[in-house]
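Below you'll find the structure, written out as structure tokens, and then a few comments.
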Amino acid sequence: MSDALLNGDLPPCPLSTPAAETSLIIGSNLSNICYGIMVFLGFRCFNALRRQTARKQTPRTRIGLMSWVLITVIVGTMAQAWDIATVTEIILGGCAGVTFWDYPYLPGVYSTWLIMNFITDGLLVWRCYAIAVGFKRRWLFAWLVPLTIYIVMIGIGIAGVSNYNSSLALAEILLAIIAGISLLLNVIISSSIVLLLLHHKNMLTRACGEESGKPYLNLITILVESASLIILSDALSLAALMARSTVLFIPIQTWAQIQAIAALAIIYQVARGVDYFSNRDSDDVASHTVRLQSSPQTSVLDVKPEGV
């Protein structure tokens, strides 16, 4: 915790306490519920990945995803601990009132939210690359654009953290920019992945008929549902950052947990074998289709080319 929390010394807060406290309590309770869902999904994901040793997957990819799940749950736990500690401190009278910025962006909360945003968006960038690398070179553009935006977002996040103590106003502006970039990034990545999968589906459909492309519709649905959850959370959080209204504490408090839930939901579907995608370019469509039909549990966890 920060020194402010340990010493019970928060900055002066001029806004009305009852409305702000009510919003914080509701947001904290909803965040606790989301945290429970995140831990449950993390546990299921980890177990499902751990049991997949018999499947034809790259061990490095499986271990990497298991590590990602653990890190996500740990960061989510840290973010939730900060939320509970801060709200408790405010409710117990550690602050005379509550402003928008005094609560959410105490250094610990600020940092854990940024880390969660980076690791969840990073997973989407990786998935976009893992799918695009199986196509011709011109399709790599669908990955390079999200990667560039992601790197810019990390740079802005680091600048925001480094300027938190020296220039809080600048840190506030940079955080709002990060929320907007995250929203844009998720829209671009989700669109890129859907376009890549539709391209692959069309190749299989032309080569082997309509039935061969149906598994991709399930995968696209999973991705769109997950992306919609993140995009909605990002949009509400951005609105909260712009409006600075205490009523909008709620989407800010649940932001980190919803980001994790959406990403873990994809991993869980993949770990259960719902994802049938395996990368091949048009030259390998026929042989890939035979393998896909004979092994309906093919997983997208091992989407990199052989030998990579």
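Here the Cβ of each residue, glycine as well, is placed from N, Cα and C on the backbone.
Taken verbatim from TrEMBL:
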{"type": "TRANSMEM", "residues": "24-43", "note": "transmembrane segment"}
{"type": "TRANSMEM", "residues": "63-82", "note": "transmembrane segment"}
{"type": "TRANSMEM", "residues": "110-129", "note": "transmembrane segment"}
{"type": "TRANSMEM", "residues": "141-161", "note": "transmembrane segment"}
{"type": "TRANSMEM", "residues": "173-198", "note": "transmembrane segment"}
{"type": "TRANSMEM", "residues": "219-242", "note": "transmembrane segment"}
{"type": "TRANSMEM", "residues": "248-271", "note": "transmembrane segment"}
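Of the candidate ranges 110-129, 141-161, 173-198, 110-129 has the most C-beta pairs within less than 8 angstroms of the transmembrane segment (248-271). With a threshold of 8 Å between CB atoms, the same-chain residues lying at least 6 positions outside the transmembrane segment (141-161) that come near it are 107, 110-111, 114, 117-118, 121-122, 124-125, 128-129, 132-133, 170-171, 174-175, 177-178, 181-182, 184-185, 188-189, 192, 195-196. Non-local neighbours of the transmembrane segment (24-43) in the same chain are 69-70, 72-73, 76-77, 80, 83-84, 87, 90-91, 98, 103, 246, 249-254, 257-258, 260-261, 264-265, 268; each lies 6+ residues outside the stretch with a CB under 8 Å from one of its CB atoms.
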